[in-house]
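J.: Here it is: the structure, laid out below.
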Amino acid sequence: MSVDTYTETTKIDKLLKKPTSHFQLSTTQLYNKILDNNEGVLTELGAVNASTGKYTGRSPKDKFFVSEPSYRDNIDWGEINQPIDEETFLKLYHKVLDYLDKKDELYVFKGYAGSDKDTMLKLTVINELAWHNLFAKNMFIRPESKEEATKIKPNFTIVSAPHFKADPEVDGTKSETFVIISFKHKVILIGGTEYAGEMKKGIFSVMNYLLPMQDIMSMHCSANVGEKGDVALFFGLSGTGKTTLSADPHRKLIGDDEHGWNKNGVFNIEGGCYAKAINLSKEKEPQIFDAIKYGAILENTVVAEDGSVDFEDNRYTENTRAAYPINHIDNIVVPSKAAHPNTIIFLTADAFGVIPPISKLNKDQAMYHFLSGFTSKLAGTERGVTEPEPSFSTCFGAPFFPLHPTVYADLLGELIDLHDVDVYLVNTGWTGGKYGVGRRISLHYTRQMVNQAISGKLKNAEYTKDSTFGLSIPVEIEDVPKTILNPINAWSDKEKYKTQAEDLIQRFEKNFEKFGEKVEHIAEKGSFNK
């Protein structure tokens with residue numbers, strides 16, 4: 001099969017110009033399509049609920065980057081960033097375009113990624129499903145008008161065909177599912193999965209390649225700003241509390257998941273929020289709950305015949321989600337950018353129950369923990385994970401970072417130094433014992449610790465260095481029991497704590513070996529007990 005760029009462009013143009021390709025539909029128009037096509041149901045909250053079928057999380061083993069001459073030397077190839085050759089990609093790409101050409105209806109959205117005008121990525125999103133198009137409209141940055149959208153000449157195109165199933169033997173994939181990113185052809189090709197999060201994380205992966213090439217830090221974090229203009233960043237993997245902790249009624253939200261940090265400060269990459277919805281309640285998370293209204297999408301929640309939503313029901317997945325435009329939250333920064341950060345919070349959900357609830361890191365420790373990215377995989381964010389497992393995810397988001405980790409770590413270290421940023425490690429996981437024995441650290445206490453940190457009250461507080469990890473733990477924090485600040489005190493069996501802690505330290509050391517000599521200086525100064 002012979003393919004070329006001309007044919008590819010012609011096919012895309014043909015799809016866009018089809019009479020039944022619906023361009024830049026309003027939320028109401030998309031709602032009508034979703035309901036008419038039986039793609040979702042209307043809930044009493046006003047949001048639509050859609051099912052993603054058997055794929056209720058990302059499929060990281062089915063994600064590939066096309067190995068192309070101008071880009072291949074920059075990508076950190078391995079289990080996460082898997083290569084696929086250009087010819088294989090193009091054959092599959094054209095099969096998908098031909099498949100979409102035969103569909104009765106398609107949905108097209110044009111918008112942006114990145115709220116910084118200098119590095120903004122112009123996007124076209126072509127969807128097989130109406131609810132996926134509403135997802136794109138909610139999650140990416142929306143043009144001011146349909147007229148503006150018509151003038152967008154995309155830097156990148158998402159082609160999403162969830163009902164197209166690949167044949168691994170013929171198409172060179174690992175399963176029926178595929179997420180393929182080509183920097184040369186400027187396309188993200190998605191098929192075989194209805195999980196809408198693949199679109200947003202695909203563009204995030206693209207930005208994580210493009211921004212550092214311009215000496216701009218890209219980050220898997222949430223961000224907010226206080227009344228005095230003080231900015232806080234929250235790093236962490238899905239389920240560690242980024243969205244929850246940054247949705248603070250006393251601080252304005254910059255964004256909940258993906259950001260850049262350039263010479264002017266911090267900017268949001270997205271135009272929406274993608275919050276975990278399991279066990280969501282108005283009492284615990286009022287901002288998120290109130291954002292789930294007309295225009296929002298719920299994924300895989302259980303909806304009764306009367307339209308009521310049971311957020312506690314996990315029969316389909318633990319990874320239930322809500323996708324809504326950022327302006328569904330009242331106190332946001334417009335546009336979604338702010339000054340340089342004063343405080344960085346690294347969030348981890350420690351299933352061992354030995355990491356302190358909060359500790360202050362020096363720059364070397366910050367680099368070490370950023371590269372380590374320790375947390376526990378929480379149920380539902382990836383297929384096959386049903387209970388927490390300890391894991392290391394470089395940069396607190398390894399699945400989304402195509403360049404070598406030291407590229408991001410070096411940028412972060414330079415920025416911490418340049419702007420005198422305070423960095424804290426916060427454990428939102430377990431205390432008093434490992435998962436199954438101990439208990440989850442109270443969200444109330446975590447909020448109190450985080451609030452004290454970002455207010456600057458912990459900057460010059462009294463600290464004690466714990467004997468196990470060598471971390472600096474605050475001696476006291478207002479309205480937080482002293483007994484939980486040093487984790488050994490929360491364990492009834494101190495010897496079991498020491499055994500568990502030593503096991504974790506060894507896991508950190510073993511994990512860090514993969515970085516080799518490039519990061520020896522960070523390991524020497526930043527690792528535990530240094």
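Just so you know, glycine gets a Cβ as well, placed from its N, Cα and C.
This is the feature table in Swiss-Prot:
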type	residues	note
BINDING	Arg58, Tyr195, Lys201, Arg321	substrate binding site
BINDING	Lys201, His220, 236-244, Glu285, Arg321, 440-441, Thr446	ATP binding site
BINDING	Lys201, His220, Asp257	Mn(2+) binding site
J.: Give the helix, strand or coil assignment DSSP yields for His220 (Mn(2+) binding site).
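T.: The residue in question, His220 (Mn(2+) binding site), is strand (DSSP, three-state).
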J.: Across all chains shown, how many C-beta atoms besides its own are within 10 angstroms of the C-beta of Asp257 (Mn(2+) binding site)?
T.: 27
J.: Just checking a number: largest C-alpha distance across Arg58, Tyr195, Lys201, Arg321 for the substrate site, rounded to a whole Å.
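T.: Of all Cα pairs among the recorded substrate binders, the widest measures 14 Å.
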J.: Work out the three-state DSSP category of Thr244 (ATP binding site).
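T.: Thr244 (ATP binding site) sits in a helix per DSSP.
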J.: Want to know which binding-site residues, from Tyr195, Asp257, Arg321, are within 10 Å of Gly236 (ATP binding site) at Cα; which are they?
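T.: Checking Cα-Cα distances against Gly236 (ATP binding site), the binding-site residues within 10 Å turn out to be Asp257.
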J.: Who sits close to Arg321 (substrate binding site): which same-chain residues at least 6 apart have their Cβ under 8 Å from its Cβ?
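T.: Arg321 (substrate binding site) has long-range Cβ partners Gly197, Tyr274, Ala275, Lys276, Ala277, Leu298, Glu299, Asn300.
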J.: Using the Cβ center of Lys201, His220, Asp257 as the Mn(2+) site position, which other residues in that chain lie within 8 Å, going by their Cβ?
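T.: Result: Lys200, Phe204, Ser238, Glu258, Gly397, Phe400.
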J.: With Cβ-Cβ distance below 8 Å and at least 6 positions apart along the chain, what are the contacts of Thr244 (ATP binding site)? List them in sequence order.
T.: Ala275, Glu285, Ile288, Leu443
J.: For Tyr195 (substrate binding site), which DSSP three-state class applies?
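T.: Tyr195 (substrate binding site) sits in coil per DSSP, no helix or strand.
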J.: Express the distance between the Cα positions of Tyr195 (substrate binding site) and Ser238 (ATP binding site) as a whole number of Å.
T.: 15
